Amino acid sequence: MDINDDSNDDHLASYDIQLCIQESIEASQAIFHPKRLVQLSDQNRKLVEAIRQGRIFELQEYVQYKYALEEADEKGWFPLHEAVVQPIQQILETVLDASYKTLWEFKTCDGETPLTLAVKAGLVENVKTLLDKGVWPNTKNDKGETPLLIAIKRGSYDMVSALIKYNTSLDQPCVKRWSAMHEAAKQGRKDIITLLLNHRGNVHLRDGFGVTPLGVAAEYGHCDVLEHLIHKGGDVFALADDGASVLFEAAGGGNPDCISLLLKYGGSGNVPNRAGHLPIHRAAYEGHYLALKYLIPVTSKHAIQKSGLTPIHSAAEGQNAQCLELLIENGFDVNALLADHISQSYDDERKTALYFAVSNNDIHCTEVLLAAGADPNLDPLNCLLVAVRANRHEIVRLLLSYGANVNCYFMHVNDTRFPSAIQYALNDEIMLRLLLNNGYQVELCFDCMHGNIFGNSFVWSETEEEGLPGWTSCIIKDNPFCEFITVPWMKHLVGGIVRILIDYMDYVPLCAKLKSVLEVQREWPEIRQIIENPCSLKHLCRLKIRRVMGLQRLCQPASIQMLPLPAAMRRYLLFKEFDLYGQ
């Protein structure tokens, strides 16, 4: 224990010394800032041209003009920066020997040092030359990247080896404490990780989010690197700052071999992150089917219940129908509700997986859930209202065919006497007809207390239909349709809307307010002719049969097909002549 403490103290002391040196270099850069804003001399232009063209003899002549080496172009590039990205080593040696050492660490306007430029260019010999001359190997560019990190990003083993040979800091943190070991794990470079570990690289380093290299390898699905890190002491049980386990990271990566390996070494599928999400939720959301197959049997029902949401919710939110089907096959409940604290974190207070599918406009997931028995009437804001508002005709058709309540109200904000759905379909005749054909209570649109032109009020009897399970029968009678539709910015719609509505009624009681608006619209003559003449017996029979059958049977194609009626009559009962979407 004491030996390890001494080793850690030595490591920290060494790093402090390196940091002081780097800060000293950066401070000197701030003080000594050569003639960047001065117009470039002819000698500087000739010097740079000789570097770019590889003309060594001319270069040896021009480097005698020391002031030319101290001039930078508009990008902040000195001749030394130009030299480090040229493949001819002698050019770099010539310029480097002629330049003041203070220039060796100067950065371009993009924040790159000569060493980071050489590493990015992939010029190993130039990197070795710079290091041989004494260039400091740990100076970061302005992006916070060390030369070692850049070399690993490029995947250059030789360059990494060269930097290590010249005592570069292996554990030096970069932006968000991302280290060389993390980057090697991300790139899946087992050889580079082995090299780092052989030179006392730290397998337990954490980045700015508390993730270890083991977690990074798991997230990016590098199974060979993952196993190697485990054998070298990587902690399978390590948790990131957000509580995410290594297995949780692997679930996000989706590699089933990584998940199998972590489970073999003791990883648990029942460890949630701070948000309460389990690895199974992550895999379902990301759509990792094979990973999900591994996680289903190792995740307890109690852990899922405690989390407050099911993998069904996650798969629906992530729009992954195949994962949904797998979860349904394994007995997960499609009607499970979000816990209250999760539901209340959404403005709409959604509760079901079906709501996620509908709000994502995901037809496939919606169909999978409905076919598996999802109830479309469990959310405070009915799924049907979401689909109507989004103008998704096919999803509306699906929901209605599986029993969605066409006459639902959004109880949290409802202030109308008529069911809510029509409010979102006034500009879309196809959607409006779809609702009306499926049993929208159109008579409630004419239920008001204004009275007709003779002063008589309209009082409707209770509907003859029985409420379906899960449907609300509560109606807050406040704002009638005539008040809603005759506001100045919607007056122009009144004629067209009323003309459509009367196709679904027998008696049309127009109140004085609605009639006064209709009389100045072009549809009025046709509307007046219809309401002043009796309906056909055929239409009256249709309305009566529909009331007797009830919505539940009308909306199910199988029930309609069982009726002992000719096909033409069945079509007439369903208002197929007005089915613009079906046509």
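Cβ from N, Cα, C; glycine included.
The model shown is predicted, which means the values in this text are computed figures rather than measured ones.
Confidence across the domain 'SOCS box' (524-579), taken as the mean pLDDT and rounded to a whole number, stands at 82. The domain 'SOCS box' annotation in Swiss-Prot covers 524-579.
When DSSP labels each residue, the repeat 'ANK 1' (75-104) comes out as 20 helix, 0 strand, 10 coil, counted as helix, strand and coil in that order. Annotation comment: Swiss-Prot describes 75-104 as repeat 'ANK 1'.
The feature repeat 'ANK 2' is assigned by Swiss-Prot to 110-139.
Per DSSP, the repeat 'ANK 3' (143-172) is made up of 17 helix, 0 strand, 13 coil. Annotated repeat 'ANK 3' per Swiss-Prot: 143-172, in sequence order.
What Swiss-Prot lists as repeat 'ANK 4' is 176-205. Residues of the same chain lying 6 or more positions beyond the ends of the repeat 'ANK 4' (176-205) and with a Cβ under 8 Å from any Cβ of it are 146, 148-149, 152-153, 155, 157, 160-161, 164, 170, 211-214, 216-217, 220, 222, 224-225, 228-229, 232-235, 238.
The repeat 'ANK 5' annotation in Swiss-Prot covers 209-238. Per-class residue totals from DSSP over the repeat 'ANK 5' (209-238), listed helix then strand then coil: 16 helix, 0 strand, 14 coil.
Sequence annotations record features per position, and here Swiss-Prot assigns repeat 'ANK 6' to 242-271. DSSP states for the repeat 'ANK 6' (242-271), grouped as helix (H, G, I), strand (E, B) and coil, give 17 helix, 1 strand, 12 coil.
Taken from Swiss-Prot, the feature repeat 'ANK 7' covers 275-304.
Positions annotated as repeat 'ANK 8' by Swiss-Prot: 307-336. The DSSP breakdown of the repeat 'ANK 8' (307-336) into helical (H, G, I), extended (E, B) and coil residues amounts to 17 helix, 0 strand, 13 coil.
The repeat 'ANK 9' annotation in Swiss-Prot covers 349-378. Tertiary neighbourhood of the repeat 'ANK 9' (349-378): same-chain residues 310, 312-313, 315-317, 319-321, 324-325, 328, 334-338, 343, 384, 386-387, 390, 392, 394-395, 398-399, 402-405, 408, 412, 468-471, selected by CB-CB distance under 8 Å and a gap of 6+ residues from either end.
Sequence annotations record features per position, and here Swiss-Prot assigns repeat 'ANK 10' to 379-408.
What Swiss-Prot lists as repeat 'ANK 11' is 416-444. Counting only same-chain residues 6+ beyond the ends of the repeat 'ANK 11' (416-444), those with a CB under 8 A from a CB of the stretch are 382, 384-385, 388-389, 391, 393, 396-397, 400, 406-410, 460, 463, 475-481, 484-485, 490, 493, 496-497, 500-501, 503-505, 546, 551, 554-555, 574-576, 578-581.
Across the repeat 'ANK 4' (176-205), DSSP classifies residues as 19 helix, 0 strand, 11 coil.
Listed as Cβ neighbours of the repeat 'ANK 1' (75-104) (distance under 8 Å, sequence separation of 6 or more from its ends, same chain) are residues 28-29, 32, 34, 36, 44, 47-48, 51-52, 54, 56, 59-60, 63-64, 66, 68-69, 110, 112, 114-115, 117-118, 121, 123, 125-126, 129-130, 133-136.
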